[in-house]
Structures are given as C-alpha cells and as structure tokens.
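Chemist: Quick paste of what Swiss-Prot says about this protein:
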type: DOMAIN; residues: 3-247; note: domain 'KaiC'
type: BINDING; residues: Gly30, Gly31, Pro32, Gly33, Thr34, Gly35, Lys36, Thr37; note: ATP binding site
Amino acid sequence: MTRRIKTGIPGMDDILHGGIPERNVVLLSGGPGTGKTIFSQQFLWNGLQMGEPGIYVALEEHPVQVRQNMAQFGWDVRKYEEEGMFAMVDAFTAGIGKSKEYEKYIVHDLTDIREFIEVLRQAIRDINAKRVVVDSVTTLYINKPALARSIILQLKRVLAGTGCTSIFVSQISVGERGFGGPGVEHGVDGIIRLDLDEIDGELKRSLIVWKMRGTSHSMRRHPFEITDKGIVVYPDRVLKRGKILEL
C-alpha cells in the first residue's frame, strides 16, 4: 500500500481519497489568478507542520517576495529555514545583487538544466526534503517548448529517486485547453487543473483532478476559495454548466 502524503488543504485530501501517493510528481496547471502558487505554498507549509522538510524553487518571483507573500497567510518559513527544515532555491535572480549574500542555493544559468538539477539535488540532500515545489516549471522550457517533456522527466527522475513528493506549477494562458507545454501531461504522475470562470457576472474558482497515479479520486469539478488562511476546497459541491450544485 503506497503511503499517502496529505496536502493538508481543507477538502483537498477528500477529493484525492486520502492524499497524494508518495513520490508522485503532480502538475498543478492553471491560468493567471487561479491560485496555483498559493496551493503549492500551502502544501509545503502543511508539510512543515507535519514534520516533513520542504523546498520551494523560485523561478517567477524574488525569494524575498516569496517569503513575504507566504507570511501574509501566516506561513512564516524563516524559522524553519534556520532549523534546516525548509530551503529556498533561488532560480530567479541568477545570483545578481544581494541574493548571493542571503541565499544558500542559487541557480546561475537557467539554460543549464544540469546545474539546476545539481543545485536542487544538493538542497534535497542537505535538509532531507520530503516535499518539493517548482514554481513554475514552465519557465524552464518557455523558450524551448520541444524540450518540455524531456525536462519534466529529468526532474521527475531526480525527485522520485530521492523519495520526494513534488508539485510542478504549470502556467497556461486564459482559455487554453492543455496543461502547459507539449507532452508534459504524459511525463507526470498526477494533474490538478485550477480554473477561473465567470458565473452570473462573478469570477469563481474551481479545480479538477485530471489524473493521479496510485489512487482513485473524484472526477468532478469542485469549487474552492482563497481565504486569509489559504485555499479551502469544497468536496461536497460541484461546478456544473455554470452553476454550483450541492452534492
């Protein structure tokens, strides 16, 4: 029986029938404003509360900004960094400016996937990480989409090999039907897609689990909200043809 890794996000583990199977790599796909980053950070924070060390790979935002944004939800990771439970991999600044003074793990050349993997592997080793978030994986192949699946598989090999359960944040444009990059959906164990739809003149958030290797899961689209404590998913409600229905 595969061990389950609880997301700790209210309602989400019900939809996943117990959590994400250990070592799975999950693509968290969605357009702008859908809540991808918050979901992934909440997954890491909840892991820390369960005693599971975690790593956040920052590709889209300055690491300082990431820490500030997390703290707004009450997720202050600095204490865990000092205790060797949490690590930030800076793949945003390339070590320019003051980052090299503050950040321990820096990727200097994003076009060199081997350097990226080596820095990530070192961070995993140092803190014995159990959870990893890459935000966003799309940045790694935005200029070379043909390599998307290859890059995903290289990362998956390293992460699953070290026993980590991982979330790859994947960006898609508004209205796009795919998951962000050609063939990426075939290189991961799970896909959770977040959406933002207009219903009766109001934007509503929802998510659906497209696939999750190693477990059954809800096949319905469930609404969720972003609160001041993070994401809350409603497993007893379904978004259907522009309406939210109670189950």
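Positions of Cβ are set from backbone N, Cα and C atoms, glycine also.
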Chemist: Only counting partners 6 or more residues apart, tell me which same-chain residues put their Cβ under 8 Å from the Cβ of Thr37 (ATP binding site).
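Modeler: Sequence-distant Cβ neighbours: Glu60, Asn69, Asp135, Val169.
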Chemist: Would you mind giving the whole-number mean pLDDT across the domain 'KaiC' (3-247)?
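Modeler: Within the domain 'KaiC' (3-247), the model's average pLDDT equals 93.
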Chemist: Three states by DSSP: which one describes Gly30 (ATP binding site)?
Modeler: strand
Chemist: Around the ATP site (Gly30, Gly31, Pro32, Gly33, Thr34, Gly35, Lys36, Thr37), what further same-chain residues have their C-beta within 8 angstroms of the site's C-beta centre?
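Modeler: Same chain, not in Gly30, Gly31, Pro32, Gly33, Thr34, Gly35, Lys36, Thr37, Cβ within 8 Å: Gln171, Leu194, Leu196.
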Chemist: Which residue, of the binding-site residues Gly30, Gly31, Gly35, has its CB surrounded by the fewest other CB atoms within 10 A?
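Modeler: Across Gly30, Gly31, Gly35, these binding-site residues, the one with fewest Cβ atoms within 10 Å is Gly31.
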Chemist: Counting only residues 6+ apart in the same chain, whose Cβ is under 8 Å from the Cβ of Lys36 (ATP binding site)?
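Modeler: For Lys36 (ATP binding site), the qualifying residues are Leu28, Ser29, Gly30, Asp135, Ser136, Val169, Ser170, Gln171, Leu194.
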